[in-house]
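What follows is a single structure, written as structure tokens, with notes after it.
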Amino acid sequence: MRAWIFFLLCLAGKALAAPQEALPDETEVIEDVTTEEPVGANPVQVEVGEFEEPTEDVEEIVAENPCQNHHCKHGKVCEVDDNNSPMCVCQDPSSCPATSGVFEKVCGTDNKTYDSSCHFFATKCTLEGTKKGHKLHLDYIGPCKFIPPCLDTELTEFPLRMRDWLKNVLITLYERDEDNNLLTEKQKLKVKKIHENEKRLEAGDHTVELLARDFEKNYNMYIFPVHWQFGQLDQHPIDGYLSHTELAPLRAPLIPMEHCTTRFFEACDLDNDKYIALEEWASCFGIKEKDIDKDLVI
């Protein structure tokens, strides 16, 4: 996989911004994307009028904003009802920040290009409870374009590149960590063994034949990276399963560059329940059943 793909996805894999879209029966608790500032960064300031003949000092009164700690999912914003209680309501797409470039556009599964993820989720919110809204998901980052079909031969090559990429992402994070807290101490200990292994295949645009041989030869190096990525995605909620929402931070940047992404993740869902369990995930990447260990998801 090319280096520029690697560095783009390295950031996406770690940031794990909030999940893109929640499936039915899923509770998604994330910050509103309409602003980069934390919700309720500044409490509402209540102005005090001036009196012509004040008899005592008038102190400024700071009222608590009910929305300060009330988080809404993508597409919704917090408002206060008549009882001064916070509630989440659909955001008006026209209130989304103006976009400045093509890279902010996103493509929905309806094959429609939206100006930004904010516009997409605000639109989707208005469709809640409808068949169209249930089927609508954020497909990938960037304007909609033709995605060629994934051939069977290409599908078998995809996990080879993905495994190598996951390993290299961890190594890069380890090398850049120092005081950045990119990895936990437990994760560092695992990656250190990979980093110090002289037999490790260096990052590069390798042939699928070389990647296949390296996986067979250095199989143990790939066990932890596969578990690690699962743990990075399994966040909302942390339940041992990956939903469409949780996969989005990984798949959305990948699809325009790796056209087998969608088919690969669909194939991983062996029981077609719309969720990918750890066992299904690890199996997709060629990890043997005896080496699948939930304790490695750290």
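One is the number of the first residue shown, and numbering goes on along the chain from there.
Heads up, the Cβ atoms here are built off N, Cα and C, so glycines get one too.
As the structure is a computational prediction, the values presented were derived from the model and not from experiment.
Swiss-Prot records N-linked glycosylation site for one of ASN83, ASN111, namely ASN111.
In Swiss-Prot, the cysteine linked to CYS96 by a disulfide bond, out of CYS72, CYS78, CYS118, is CYS118. Listed in Swiss-Prot as the disulfide partner of CYS67, from the options CYS72, CYS78, is CYS78. Looking at CYS72, CYS88, CYS90, CYS260, the record from Swiss-Prot puts CYS150 in a disulfide bond with CYS260. The two recorded residues, CYS125 (disulfide bond) and CYS268 (disulfide bond), show a Cα separation of 29 Å. When DSSP labels each residue, the domain 'Follistatin-like' (66-88) comes out as 0 helix, 8 strand, 15 coil, counted as helix, strand and coil in that order.
In the three-state DSSP classification, CYS107 (disulfide bond) falls within a strand. Within 10 Å (C-alpha to C-alpha) of CYS88 (disulfide bond) lie the following recorded positions from CYS67, ASN111, CYS144: CYS67. Taking the Cα of CYS144 (disulfide bond) as the reference point, the closest of the recorded positions ASN111, CYS118, CYS260, CYS268, CYS284 is ASN111.
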